[in-house]
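Novice: Before I ask anything, let me first share the structure, which is written out below as structure tokens.
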Amino acid sequence: MTTSELVPPPPARRSPRTRRRRQDKPALSARLVLDDHEINGDVGVLSEDLFTDLFPHLRNVPSREDGSEDIHHVAIAPWEPSPSPTETAWTVVPVLKSSALKPSTVQFSPSSLSLQSFATILQQVAPSKLSSHSRSGIEVQILDVVALSLDTVFVSLESELTKRLEQGEGTFFRDRPNKGKGKAPAQPDTPEDRLISALRVALGSLKVLHSGDLFSLPLPPHPVTHVPPNPGKIMLCEPVSQGILSDDTKIVLMRGRVHAKRGQSAPAIPPNRSLNGVPEDDEDDTANDQFYSAAEDRYKTDAATTEMDTVTETEESDLSGVDHDDDLSDDFMDDMISLQAPTLPTTASGVSTMQPGTPMTIGRGRKTNGIATPASVFSNFTATTARPDRPRGRLFKAQGLIRPILIDLLHPKPAPEDDEEARIFVDIASLSKIGCFSGDWVRVEAAEEPPANGFGAFGLGSFTSLEPTESNWRPVRVYGLPEGYSQRPVTRIPSAKHGERRMSFFESQLQKPTSPTAYISPVLLANLESPSYLRLSPIKRGTYQGKGTLPKFTSASRPPYARDITIQHVRSPVTAERAYQSAVLGGLKRYFAQKIRLVRTGDLIAVPIDTQLGKALQEQPSANGSEVDDVMALAKDESCRFDQVAWFKVGHIQTQKTDADHDQTEDLWGGVACIDSSSVAMHGSGFATSRTPATKASTWPYYLGVKKMPMKSNGASALMVPEQDQRFVSPLRRRLRELLAAATSPRAIHLKMPPVAILLTSTHRNIGKATLASEACSDIGLHTYAIDAYDILSEAGTSGGDVKTEGLLRTRSERAMSCGPDTTALLIKHVEALTADRMVSTMKEILQDTRVLVATTSDVDKVPDGVRGLFSHELEVGAPDEAEREGILRTIVEDRGINLDPEVDLNGIALKTAALVAGDLVDVVDRALVAQRLRLEQISSKTGQAVTVRDLQVAGGAMARCVTKGDFDVAVEAARKNFAGAIGAPKIPNVTWDDVGGLNNVKDAVTETIQLPLERPELFAKGMKKRSGILFYGPPGTGKTLLAKAIATEYSLNFFSVKGPELLNMYIGESEANVRRVFQRARDARPCVVFFDELDSVAPKRGNQGDSGGVMDRIVSQLLAELDGMSGGDDTSGGVFVIGATNRPDLLDPALLRPGRFDKMLYLGVSDTHDKQLKILEALTRKFTLHPSVSLHSVAQQLPFTYTGADFYALCSDAMLKAVTRQAASVDAKIRELEAQPRSRTGPISTAYFFDHHATPEDIAVMVTEEDFLAANRELVPSVSAGELSHYEQVRAMFEGPPEKDRQQQQQQQQRPSGLRAVSGSSVVSKGKGKAIAGGSGKGKGKAVATGSDDEYGSEGEVAVVNGKGKGKGKAVAGFQDGTASDDEGLY
């Protein structure tokens, strides 16, 4: 293969007539033929009709002059009924046009490397097609695609092979010399270049690269054994999982050592891994202790295994002795036995039931049968088998289908008119155990759960109750599951080596074998009363008593046809609405017209309907009822979007009596009759009340198409029957479900217990209260009739007022009760809107007629007291925590069938969406889907080819088919911005720690207070108190507000800013209510920061205000009460941090500064050193363009120590303004010089013309020089004077103690041998009673209390009393000498 042929040219160059946007066409069916006689190489050939259908725009393109044809790309996949670009596993392959092939044929060589990925997919979906491809070909589906150029390819090689390539062996050994249009590249010199060149040549041997493909290396084989080297493997491709190699593709090498099997050399790459008859899973596993089991039909057990065991497919061990004479094998390849030399296991030490030479009764969960195995300790004689006339059959675990299985996949293929509801599916290996063939009639009945141990049901009265119970059974057709729908059970078979002690007999009794599974329609399972286990047995062929010689009962037989049938409406909110009647009746007609239905008296019939289509047709002015019904009946399922289900119940059935043995026929078919809509008389007999199947144990919403199916897990087959996942259920939903179940239980109805009235309250809108109630009702099978109070008010309008509103409420509630009081829950949304006085009596009357009433409100205070007192339970729906948000996100993703990238961590997304409720999380998922679509459209537009979004999805990969982590990041950021606006939080600028200069000690204290509870909540889980209040105080302009914004940005917290006037209200009690609302919003939006700016105006000292009513005092009291709950260790207030800022802490109420409130006081002052000023200048000028000659250090040396942070900001802004002014003057001067020069241009030169034609980079760049800073400094007036700064230092000393210099003087002067100490500066100036600051001068008499000293006496808490003389009395208090945040390192 030549170098020029390694990478095919892009499609855009091949065909100049290719349209810019290609239209997506549906997939076509074709046959894949593997024939190595007519075609060689990796490129396949395509029949002419397929080429014309797939590439119609290339129909008239002339061929090349040299006769060569262009390589096109198509995507193939194993045939399935409904292929999808996003869910089907496609394989992109290169093809050429051929006119010699049969129509609808794709032909490849069996040794084509392009089919490696397809063979792997086929092995998972339909392994039997691998061995039958040579006879009739493989049925596939084919699409036209454009192969994308890959950005990055990750490959894996062994270390030894990598060294050989680096040494240049791959450069000299090539299959063919390079030839073609391009010139041969230069010989690489370095080992890395030689490795890259060899890898690019090796990958170039693949026409299309797929993730997981193996590729041969350009290395010579072994000189002695002539075994080729081990191949390399493509681990990952980006941005899609398959594409072509280009010159810009990056190759990332992953080195490693591949360990071969014991006693076996590593195999070379086969021509085709799976299409040569050997399954991929078995080609490497050929160790001596590996064997294939015979057709023993043993199922997976729960026995503990170790890594030493060998995985193999096993089958059920219940031989049942003589009962299985017809258990014949079908000569599959799986039944081949690989013999090995028998070896005796090593004797186990101690007492064991596993000894050499004795019957092995238990072997790691493998259970032998008491009849077939001699000397066994098991027996089949149990209370179950001892019952007389017990029906025999096989026991299966019942599993409801999550989607219908199409008839095209079944064998034998059912008739088109056969009822799909009368089918049951089991594994093919289980058909012989039942004793029938696929498509035969069997008897299915509900069965009890088998006993958990091997002793059977030896319960009290097990043998005495011998009366046969009536079983709920019916005839159905049994079919084997199509290939790929189920995985054969895998268990661990012990190897020849004795690796561990065998289990004893009693330990083995704890191992419960899993029964085989029978898949059945969830509606049919509900008609069988939803049992957990089913028993299948063939219908006995009765002796023929009629005329003729043909047998009476065959697989083609049908139950007797019905002559007359009565259908009852199951009253539900859908069937009760007049607007949906046409859709309901049309759906019922469609249900019986499509198939010959098999029903029995009492059966439930589920009919999915499109309510939106039915309502739109019903509202047409010229709509006729019967015509609309006919239109709805003729609508195809593909064209409808089913959103509701109408339920019906079968009443009386009268069959056609054709012979005298009608009773025997009825006994044979269990009362089931065929309903042919063309010959049956169908009557409606009113309404019936009934529950629907409970959704917590049934899959009927997915089966009927009301909900989308969840995406299959990784590694699961696309056709596998998915089981119902265990959904997230919140504790409140579980509690609500229990209340509803108790209120509607037969015991509560019989005892006439009072109804249950539940009020769901919340402080958020769109939190999911109505959805919670509806889902809880669906879990137990109750109907939910929702009434919106605002809709009633809008319909009532102004005419009638309260009277009409009351009448509408009564009418809606009566309609809801017509669905059955014990089967329907009445849901009233926004009950706070019903404020009229007559509503109390109306609600009382409604409660008398119903069993369950649920109401929702977002403002419980607006609900009238009379209405609120009627509710027996009041449940608050709070904002979801992290675990609940993760569960809600997972439920949304599964309900919408969204495929997530494996790297997406829903727990991390839940952490980022703090304070968002269920409605906001739905918005997050919707935004992520939009972001994914935009990302795919952006990728397709960048390629420069006619690439559509479908081409990306067909190419596969997480980036193309899944919602990635980046999509969720974009969605979360947008949702948080919307949430911040909805709750009234201000838009926070992007302020980080880099914008805050200095303040290192403040940053450390903030980290300790805020970051520790957020990152390590387990430290505070046991009630440990945490600090949640921080008070910033100091001169104005020192960065208190800036620091609060930086805290909110750095820790991703919601930010509330509260001003003093916002809390004041003229009405009594509203000001305190505003404080409560602020903290309630903060708790709902946690983690968040509540920032009280100018706290002295919000919470001044109580008793000093002269306002009437004491409004400020009440605000302070309410604020204190809210702050007391912030430091608790429980979860009710965690994540709420309160930050206050003030420049007058002496005016605050002293109660605010006590422990548990604002107990962390941080002083933000001015910078007292030039180094601190330099840090501030660097933070403010980090986005400036400074002249290279500027030295911020020299600028800082010339600044006074009275500048605050705001002054530094003004200094830098003025310097930038001066630089811009200087640069503008320079440009004006150059323009004047140009105008003065003689030139051909007439007229003045504009500034825009100068920048377009004459400007140099120096003219555009605005650089700030040192002279600009100095000029701005000369003009700047400090905002805080030196006298004011000294006052703030005195205030700081009041709260934190004297400065460090005074402390050192005190420690020098207070060295006395006695326990009493003299306090420096203890004389106080005072003219009355009160407290004075220690450190004053003058004469007086008072007490000075020194606390927190460093000597041994002070540590014992002794008090020094200093007496003096003066004109008054006072107390001089020396504060904590090691106070909080006394270190002013890095302050402004």
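Glycine is no exception: its Cβ is also placed from the backbone N, Cα and C atoms.
Under the heading region 'Disordered', Swiss-Prot lists 1-29, 169-192, 262-287, 302-323, 346-365, 1297-1388. What Swiss-Prot lists as compositional bias 'Basic residues' is 14-23. Per Swiss-Prot, compositional bias 'Basic and acidic residues' is recorded for 169-178. Annotated compositional bias 'Acidic residues' per Swiss-Prot: 310-323, in sequence order. Among the features that Swiss-Prot reports, compositional bias 'Polar residues' is placed at 346-358. Under the heading ATP binding site, Swiss-Prot lists GLY1034, PRO1035, PRO1036, GLY1037, THR1038, GLY1039, LYS1040, THR1041. The compositional bias 'Low complexity' annotation in Swiss-Prot covers 1319-1332.
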Novice: For the binding-site residues THR1038, THR1041, which Cβ has the most other Cβ atoms within 10 Å, all shown protein chains included?
Specialist: THR1038
Novice: Could you say whether, by DSSP, PRO1035 (ATP binding site) belongs to a helix, a strand or a coil region?
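Specialist: Reduced to three states, the DSSP call for PRO1035 (ATP binding site) is coil.
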Novice: Counting only residues 6+ apart in the same chain, whose Cβ is under 8 Å from the Cβ of PRO1035 (ATP binding site)?
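Specialist: In sequence order, the residues whose Cβ lies under 8 Å from that of PRO1035 (ATP binding site) (at least 6 apart) are ASN1143, LEU1164, GLY1165, VAL1166, THR1204, VAL1280, GLU1284, LEU1285, TYR1288.
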Novice: Within 10 Å of the Cβ of PRO1036 (ATP binding site), how many other Cβ atoms are there?
Specialist: 16
Novice: Within 10 Å of the Cβ of GLY1034 (ATP binding site), how many other Cβ atoms can be counted across all chains shown?
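Specialist: Counting Cβ neighbours of GLY1034 (ATP binding site) within 10 Å gives 27.
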Novice: Considering the binding-site residues GLY1037, GLY1039, which residue's Cβ sits among the greatest number of other Cβ atoms within 10 Å?
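Specialist: Top count of Cβ atoms within 10 Å goes to GLY1039.
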Novice: Using a Cβ cut-off under 8 Å and a sequence separation of 6 or more, which residues in the same chain sit near LYS1040 (ATP binding site)?
Specialist: PHE1032, TYR1033, GLY1034, ASP1093, ALA1141, LEU1164
Novice: Please report the three-state DSSP label of LYS1040 (ATP binding site).
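Specialist: LYS1040 (ATP binding site) sits in a helix per DSSP.
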